[in-house]
Every structure is written in C-alpha cells, then in structure tokens.
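Engineer: Take this structure first; my questions come after.
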Amino acid sequence: MNSLALFAAEGEVAAATGLTAYAWLLIALPLLGAAILLLGGKATNAWGHFLATALSWASFVLGFLMLIAMIGRGHEERAMHVGGWNWVPAGQFQLETGLLIDQLSIAFVMLITFVGSLIHVYSIGYMEHDSDRRRFFAYLNLFVASMLLLVLADSYLLLFVGWEGVGLASYLLIGFWNHNPAYATAANKAFFVNRVGDVGMSIAIMFMFFTFGSVDFATVHAGAAEAGSTAMTALGLLLLVGACAKSAQFPLQSWLGDAMAGPTPVSALIHAATMVTAGVYLVVRSHDIFNAAPNAQLAVAIVGAITLLYGAIVGCAKDDIKKALAASTMSQIGYMMLAAGLGPVGYAFAIFHLITHGFFKAGMFLGAGSVMHGMKDRVDMRGFGGLSGYMKITWVTFGLGWLAILGVPPFSGFWSKDKIIESAFIGEGWRPWVFGGAAMIGAGITAFYMSRLFFMTFHGKKRWVDEHEDAERGVHPHESPLTMTVPMMVLAVGSGLLGLVLSWGGMFSHWLEPIVGGHGEEHPVLPIPVIMVLTLLLVAGGAAYAWMLYWRDDVPETAPRGSLLTQAARADLYQDAINEGLFMRPGTHLTRALVFTDGKGVDGVVGSLAASVGGLSSRLRRLQTGYARSYALTMLTGVVAVLGALWVMN
Amino acid sequence: MTAALTTLPTAFEAVKVDYSAVAPMLVVVAAALIGVLVEAFAPRTQRHAIQVGLALVALVASFAVLVLVSVDHRTVTVGGSLAIDGPALFLQGTLLIFAILGVLTMSERFGGRSADAFTPMGAATPGSPAESAADRAGFATSEAFPLTMFAVFGMLMFVAANDLITMFVALEVLSLPLYVLTGLARRRRLLSQEASLKYFLLGAFSSAFFLFGAALLYGYAGSSDLVRIAQAISTADGAYEGLLLPGVVLVLIGLLFKVGAVPFHSWTPDAYQGAPTPVTGFMAAATKLAAFGAILRLAYVGVEGSRLEWRLGVAAIAVLTMVVGAVLSVTQTDIKRLLAYSSIAHAGFILVGVLAFDVTGVTGVMFYLAAYGLATIAAFAIVFLVRSGGSEATHLSQWAGLGRKHPVIAGIFALLLLAFAGIPLTSGFTAKFAAFAPAISHGGLAGIIMVVVGVLASAVTAFVYFRLIVLMYFTEPTGDDVVALTPSIASTIAITVGALGTVILGVIPGPILDLAGRVSQFIQ
C-alpha cells in the first residue's frame, strides 16, 4: 500500500502551509520571465538574459527552501497539496487545478531548476553572439516553467498541459536556427513523433475519466487496484505510448538524434537532463496503475531493455559528437524505463539514475558544446583528437562525466546504474536472465562507445589543422569563458559525488519510499558481488577495446565502410526507412485520396451551399431600400403577421 | 384592507422611495443635469475636459454606490414602479461599465482638434460656412456627454422598470438622446442626419405600438404594474380576455424594435452606419442590454403566465432574426453595416436564451449581454481608429492587409471577431453556450429548433468574420493611405478592457457566470 492511496482513503493530502503554499511561484517566476522577454521586444535585449537566469535561480532557491521545509516534516506528512481554481467545471466533471508537492516532485524540481539554472548561466556565454539571444532565453524560461508544471501537477490533465508546454518549448528550440531548412525539418520531426505520444496520452486521460470519473492523481491511483487488470493494462499501455514518444523510447525514438539540431545548451537541458525523462516520471508517478497491470509493466521493461541496447549500438557508430551523446541518452533512459518496468524494486532506482544521469549527461553535453565552441562549431569527432592539452577544464569535467556514465566506482553512475542491473536480475523464470543480461551487456557497450567518444575527442593524435597553417580550414582550439566552464565544473562535481551522497545509507530510496512504495528484501538470481564484478569486467573490456582502436591506433579521418552492423547503426538501425515505409507512404496515399474526395465531394457541397447563402443575401439585401416609409411598412407587416398568426393559433 | 379603502378614493399618499436602492440612478441624472449647466456656463475651451471628467467621475461613483450600497437594498420601491433586484443590479452594473468605456471612446480626439467623432456644430447645415467657421474656431459638441448621461439614466431605469408606464418613460428617456447623438457625426453629416431622422421616425412608430399594447394590458388587468398583470393572468379574472394577447405582442414589439429583431430591424444598419462610431459602439452594447433587460422583466415577471400563447410568435421572430442577420451580413461591404447585421444576428441568439423560461436562461442572457457589449465597444473603438485621408475607412476593401501594417490593432480586432463568431476560449463561445443550453434543456422542441438554427446561423456569420480576418492578414494592402491612428490613453483603456474581458470571460468565465447565476431571480 502506498501513501497516496492511503491519504486518499483517509481524505486528502494535507493542504500546503507555510512557504509551500506559494508553490505556484515556482512556475510563475520563469513564466513571467518568458512573458517579459517575448512581449518586451527589443527593449529587453540588453538585460533579458540576466533576468531569465535570475528568475530561474529564484525558482531554484524557492524550491530548495521547500525541500528544507519538507525534510523538517515527518516521513508521512511530507506530501502537500496546493489548491488552485476550479479549472473545468463541466457538469459532473469537476477539475480543480492544484499542485502536488511531494518527495518525487520536489526531487524533480531540484533537478530541473538547478541544472536548468546552470544551463541558463552557460548559455549567457554560449549564445553571446547570437542575434536572437533574447528569444532563446525566453524559450528556455518557458521550458523551465512548463517542465515544473509537468512534475508539480496534481492531475493528469494539468500534467498534460505541462507535457505540451515542454513539447512546444522543445519544438521552438530545436528549430531555433530555423533559417537552416534541415533544422526546421528536425523540429517538425520531433513535433510529429510527439503527436503520436500525445494521442496516446489524450486517450489515456479520456479513458481515466471514463473509468474513474476523474483525472486527478489521488482518485485515479486510489481506484487503480479495484478497476480490474484489463482496464489498467489498456491504460498502462496508452500511458506507455505517451512516455515512449516523450522519452525517445523504442519504437518512437527516431526524433531524438535529429533534435540535436538545436543549440547545445538545449540538447543538454531538454534533450538529455529533463524533458526526455518525463516519460520515466510519468511511469513512476502512475505506479499504482502499472502495479495493477503486470502486462503493461512487462511492456515497459521490454521497451526499456530494447531501447538501452538500441541506443548503445547506434552510439557505437556515430561520428557526430552530439548524435553519439543523443544515442547514449536514449540508451540511459532505456535503463530508467527498464527499472521502472521492474515494479516496486525498480522505481526508486529509476528516479535515482534519472537524477545522476541529469547531472553527468548535461555536463557532457555542455562539454561537447565547449569543444564545438573552440572548434568552429564542428561536430565530427574524426576531425578532433588530442584536445586534452588545449581545453583542460573541458577535458577534466567531461572526463568525470565519462567515468560516471561508465559506472566506475565511486562516481555517480556506478551507484545508480549498478543498482538497476542488480534489480534487473531479480525475479523468476526467464525475465531476470533476459533483462539482467541486457542491462549488463548494455553496460559493456556503453563503456565502449563512451570511451570511443572520449578518446576520439580528447586523446590520440590531433586530426585538425591549426589556424596558423591553414586560415581557411584551420581551427584554434581554446578554453571557453568562465560563464561556460563554471556550470561544467559544478555539474562535474555532481557527476563525481552525487551518486555517493544520495545513496549513503539508502537515503534516496528511503526518501521516495512513501511515494513509490517499499518492497521486501529480494535477492537477485546471481549473488550481488558476482553481478558487480561481471559488470565491471565488461566495462573494463569495453573501455580497453575503445582504447586500442581510438587512442593507441590512428583514427581514419573519413569513416571506413565498416561491417553491416556498423552501417546499420550509422543509419540509426534504419529507423527512418521503417517509419517511412510503414507509416509515411501509406499515409501519403491515404491523404491524397482524402484530399481528392474532399475537393470533389465535400467542397462541392459546401461551395454550392455558400453560393446559395450569398444569393439569398443579395436578394434579401434589396429589401433594405433606405426609405423610412418602406422600413415602417416592413415593421407594420411584421406586427400584423405576428398578431394574425397568434390569433389564428389560439 | 378595509372595505372603505377599496371603494373610496384614497387620500394622496407620498410614495416611499428607498434612496439607497435608486442612488446609482440619481448620481447619473444629477451629473447629466450638471452637464447641462456646464454647457451653459463653462468656457468653451474647457468644456470637453470638464464634461468628460464629470461623466467619468459620476459613472464610477454610480458604479461604486451600486456595488457598495444598493446591492444590500434589493427591493421594489417608488410605489412599485422600480424593482431593484438581482437582474436589475447586474444589468445596471454592466451598463455602467459599458457607459464608462463608451465615454472613454467618445472622448477620443487623437490629440488634435478635428479628428474627434462629433461635428463642431450640430445645428449648422452640412457644408455651410457656419460649419467651417465652427470647425476653424475649434468648436466641439461637448453636449454629447450630458446626452449620453441622460441616455444612461434612461437605461438604468429601463432594466429596473416594474411598471409599463415607468418602462415607457425610461424608453423615451434613453431613446431621445440617442436620436440626437446619432445625428452628430463629424464626417458624412448628411448620412448621419438621415440616419438620425430614420431612427427617430421608426422609434416613434415603435413607441406607439408599445403604448397601444400597454393600454390594452391596462384594460385587461386594470393596472400597469407588471406584478398586477401577472396576478390577473394567473387568476384569469381579467375583464377582457381578448385584450391580453394583442397587448403582450404589441408591448413586446415595441421592445424588440430596440434590440433590432427582424422585421423591426431596418433602422439598425442605417443608424449604426450614420452615427458617430463611438456612439454606435455604446449604442449597440448598452441599448441592446437595456432593452433585453426590459424584455426579460416583462416576459418573466409580467406575462410569463400566458407564455404558451405568445412564445411561438417570439420564437418565429428569433429564428427570422438569426437567419436574416446572418445571411445579410454576408454581402455587406461596409464594416459598420457588417457589425450592425452581426448585432441583429446576436439579438436573435439572445432571444433564444430569453425563451428558455428558466432562471438559467436569465443567467445566460445576462452573461451574453455583458460579453457581447464588451467586445462590441472595443470593436467600434477600433473601427474609429482606422482612417483613410482623415475620415474613417469603413469600406471592407480598405481593411485589406491591415494586419501587416498594424499587427496589434488588427490582432485585437481579429480576437473580437473570433468572439463574435463564438470560437472557444473567447467570451463569445461561453456566451452562446450559456444562452443556448437552457433553451435545449427547458425550451422543448421549439427551443431545440431555435438552437439548431442558431448554430447554423453562427456558422454563416463565422464565415463573414473569418473572411475579414483573412482580408486583414492574407491580402495585399490596396493603398498606402489607410492607417490606424494611435489611440489616446482613454480609448486604449476602453479597447484593452474590451479585449481583456473577451479573453477572461472566455478562459475563466466561472466567476461572472456564478455571479450572474446567483442574481438571476427576479423579485415578483
């Protein structure tokens, strides 16, 4: 039994008091920033980015104070509810807007506002020379506000508002440099794929209303256990569709790689640390639904396992530093999904990995941005090499992120990812072997492709020409300004220590326990030390193989043809071709047929209808002669007609 | 009650007046009278400022008195001729807001002397030397403001009139100043004077119907008091049964004339086109609201008992009004005439709500009137801004491409058009919903037919509005001489309030709908 359902049974989650009652401000502050920057126009050009950054930090401070207040309260009284106004009063359907501030949402608030604010700071340097900097910061603020609404909402409908809000911000930011048609296309692709998920989400919300008569978390979660497993399976699968699109999970993963068209800080914040993890949040938040639907839960785990291998394989073949990181993001979210699909044993670890990943992946993206900054915006790693000597801070901070994602103890990733691998080995029958095996092999591949990325960029021979030798093609690698490197350093500290701190004495799991529910002591099918040692061996093997190929040996400057698997991975395992063949072409033909019917049939009817209304109008218009005498006659006729008709009827 | 009292003529007894209840009206009429004195004694150069200030202060004060004092004095007063009840207070409050916005738009002078809405000298022959001399001397018709205040006084009384005689007096008090205001346009004065005369003639004609109907009802019930008439109907002890139906119909027709219901609408396009544009906006919003207030009271308090006999006739008028208003708006080429036909169609939509005969119908009608009025005043205020060579560019072709030259003005206008069309998230949608829903649930088959016609008519009018939006945004401008003047702070406030109201009533209609719902019960 979990606390939310308990609270719902006893009555309500306690109404917020003290500072927490002002939780709306968390969302309102960045939203205000976005409004000022978008409406203020050029007048805000000079100081707009500082305002946006300040408001984001203000949100963080507020959230941090709320966290402290929450820690001060007892274990079971930490969740609080802030009421809003009656948003949708439609007959039986009453929807109050409200915010739910509990252990889960506050963890997200901290991640979003802290990493978000750091990235605001970073962007001040990164976007310094962009003529549209104000618009960029406005969108960033809009994103932070929407993401906070998403995680703080107390109902699925309000969550959906935030869900669409982050989608909008993501769309606007991927296509930020929309003068490049390829970037605009990338934005559209993300938009379309996300519509698929949104349809799933909207049907899920309607389904909830149909089943429970309500869409707020408390009612839905309290009723999930009694609603029958068929209904809950359907609901769980619909939510999974939404989660897959937003979190770039198989089979709706295709947009994430292209989304790297956006400015790098955007990739770090939206497409690595926060927005793409919304799907994981959704699954964990809806754990009551998934607990009541073992099949849907299994589907979540399968999707996670497939995606973690898929992303890892694609990541091995990418030469574009951002796309390789994107593939890695996909794979890491696959880990989180897998954990979320394991049920109560995994929820806390899914969120734990989400938080640590938010830090180290954002840090690595910012590092990639810093490298691009120093390399004339080039992204092809085959043109890098040996940069460690030129960009010391970037190298060290990136290195910490690299160690974290590899899962090397005692860095952050070890504490979270290793727990997921251990949990994947829990269970009966084939599942622990398949899921555990996938997670463990994934860790090995991750070690290979992340080391490949790290070595190709920072080590080995330099494969670029200095500016002095060739002014045209040459580059002049240099360290980025402090506004960029300080956020990287902060995130690197997080990559290094956060995992250790949060897992000290199982702190984070205990923190989330009232929300996601505890679980008994369960043992993996293999002893834990064996799993750990095997994993570390695989990681070491992957890293060593990468060292041989990309540090010790020379890296060819043009990509070799490679094996069939490499070619397939380079083409994202043909995801676009499959989408085109399966959905786009039949869709195009269907659309053509519909357009034809519409043009000939529907428009014909509508057109003639409009023409007849127009004809009637011209004829009636003649009655309006302009003579007062004929107007009076019309009136008199009307009076006589009405009186006569009523006299006849009565 | 003793027998002596009923048989013998009673001694004269002064009626009791609850001054707290009628104080808002007294404030307005006092300001109107002071305004007349200002015209007589204040120096010409300062009159405009004094009149505007006086009118605004009085209207705000009246509103404050209404909200703070009168709401706690819901009563029938002045010998039963005024009923200050929930609907009366709601409508009076809304009227005062419209009047404030109307005065703000009427005060617009664009910082200069010769761009305001009113002719410099109403009595001068158009085109005469006297007129141009007055123009050169910078005269201004500041009489417009006391006239407006008198009209507002009449309207405030109209929505509270609980007696046919009071109702008639109120009708004339509000109409006469409007006839004069209609003839005061600065440009195209002949058109304006023609409109004024037509409005006056047809108005007199309809007043005659009203009076005749009132006389018949008095003959039927032996009283002009609405409550007495209702009693006579419920006890069926009227002396002359045959007088009831013609009486009700004729009185209703007198009122339907004011809202511009077909076939009593002919004055509407001419008067809307001829009147000074800010006056048109005020007239469209406030007159419609006042007249519907009177119709509601007559229909729900006075003659509700005989509704089965007359409601089909009014339902036919409602259907005709919606269809004719919508269809005729399709071929209009003048923006003011287009909005006039739109107002006719809206009158039909509101009638649908009136005919629901349920308190929710009263709620819906009152909400509709508030929403429509806010959007209308702002829309005409914008029409007033769009100029070509100094005079208003009212031909639709001149609005082509306005969205490119003046994105903010055109954007707000597009928003208001969407509200007129009844698109969700604007006040128009909520209003239509609030007016149509009671007709479906309480209006029986006739109600359902009216709503179906109403929805179809909405689709036709939506076409007209969207065409205008397309014209503003997707058509190349015809010439460079069409510009939107920069409004002064006063009309900026009016336009902003109108547009904000349109959005707020569309997005969070809850509070106002609740308020209208709480006060929708008439005192019987």
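Counting starts with 1 at the first residue shown.
Cβ atoms are placed via backbone N, Cα and C, with glycine included.
Annotations per TrEMBL:
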type	residues	note
TRANSMEM	A:20-39	transmembrane segment
TRANSMEM	A:51-71	transmembrane segment
DOMAIN	A:87-137	domain 'NADH-Ubiquinone oxidoreductase (complex I) chain 5 N-terminal'
TRANSMEM	A:104-124	transmembrane segment
DOMAIN	A:153-435	domain 'NADH:quinone oxidoreductase/Mrp antiporter transmembrane'
TRANSMEM	A:159-178	transmembrane segment
TRANSMEM	A:199-221	transmembrane segment
TRANSMEM	A:266-284	transmembrane segment
TRANSMEM	A:296-317	transmembrane segment
TRANSMEM	A:393-413	transmembrane segment
TRANSMEM	A:433-455	transmembrane segment
TRANSMEM	A:488-508	transmembrane segment
TRANSMEM	A:528-551	transmembrane segment
TRANSMEM	A:631-649	transmembrane segment
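I'd like these features described in context: how deep, what's nearby, how far apart.
Structural biologist: Residues 48, 51-52, 55-56, 58-59, 62-63, 66, 69-70, 80, 82, 84, 99, 101, 109, 113, 134-135, 137-139, 141-142, 144-145, 148-149, 152 of the same chain lie 6+ residues outside the transmembrane segment (A:20-39) yet bring a C-beta within less than 8 angstroms of a C-beta in it.
Taking Cβ pairs closer than 8 Å, the transmembrane segment (A:266-284) reaches residues 104, 108, 111-112, 115-116, 119, 122, 140, 143, 147, 150-151, 159, 163, 166, 169-170, 173-174, 176, 239-240, 242-249, 256, 259-260, 290, 300, 322, 325-326, 329, 333, 336-337, 340-341, 347, 350-351, 354, 357-359, 361-362, 365-366, 369, 516 in its own chain, all 6 or more past its ends.
Counting only same-chain residues 6+ beyond the ends of the transmembrane segment (A:296-317), those with a CB under 8 A from a CB of the stretch are 232-233, 235-237, 240, 243-244, 248-250, 253, 257, 283, 289-290, 324, 327-343, 431, 434-435, 438-439, 441-442, 445-446, 448-450, 452-453, 562, 565-567, 569-570, 572-573.
Long-range Cβ contacts of the transmembrane segment (A:393-413) within its own chain (Cβ-Cβ under 8 Å, at least 6 residues beyond either end) map to 328, 332, 353, 356-357, 359-361, 363-364, 366-368, 370-371, 374, 387, 443, 446-447, 450-451, 453-454, 457-458, 479-480, 485, 488-489, 491-500, 535-536, 539, 543.
Same-chain neighbours of the transmembrane segment (A:433-455): 301, 305, 308-309, 312-313, 315-316, 321, 324-325, 327-328, 331-332, 334-335, 338, 342, 381, 398-399, 402, 405-407, 417, 420-421, 424-425, 427, 524-526, 531, 534-535, 538-543, 545-547, 549-551, counting only residues six or more beyond its ends whose CB sits under 8 Å from a CB of the stretch.
Same-chain residues lying 6+ beyond the ends of the transmembrane segment (A:528-551) with a Cβ under 8 Å from its Cβ atoms: 406-409, 418, 421-422, 425, 436, 440-441, 443-449, 451-452, 455-456, 459-460.
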Engineer: Within the domain 'NADH-Ubiquinone oxidoreductase (complex I) chain 5 N-terminal' (A:87-137), count helix residues (DSSP H, G, I), strand residues (E, B) and coil residues, in that order.
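Structural biologist: Result for the domain 'NADH-Ubiquinone oxidoreductase (complex I) chain 5 N-terminal' (A:87-137), in helix, strand, coil order: 29 helix, 13 strand, 9 coil.
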Engineer: On the 0 to 100 scale, where does the mean pLDDT of the domain 'NADH-Ubiquinone oxidoreductase (complex I) chain 5 N-terminal' (A:87-137) fall?
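Structural biologist: Mean pLDDT across the domain 'NADH-Ubiquinone oxidoreductase (complex I) chain 5 N-terminal' (A:87-137) comes out at 84.
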Engineer: Are there residues at least six beyond either end of the transmembrane segment (A:51-71) with Cβ under 8 Å to its Cβ atoms? List them, or say none.
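Structural biologist: Long-range Cβ neighbours of the transmembrane segment (A:51-71): 18-20, 22-23, 25-26, 29-30, 32-34, 36-37, 44, 78, 80, 101, 103, 106, 109-110, 113-114, 116-117, 120-121, 124, 137-138, 140-141, 144, 148.
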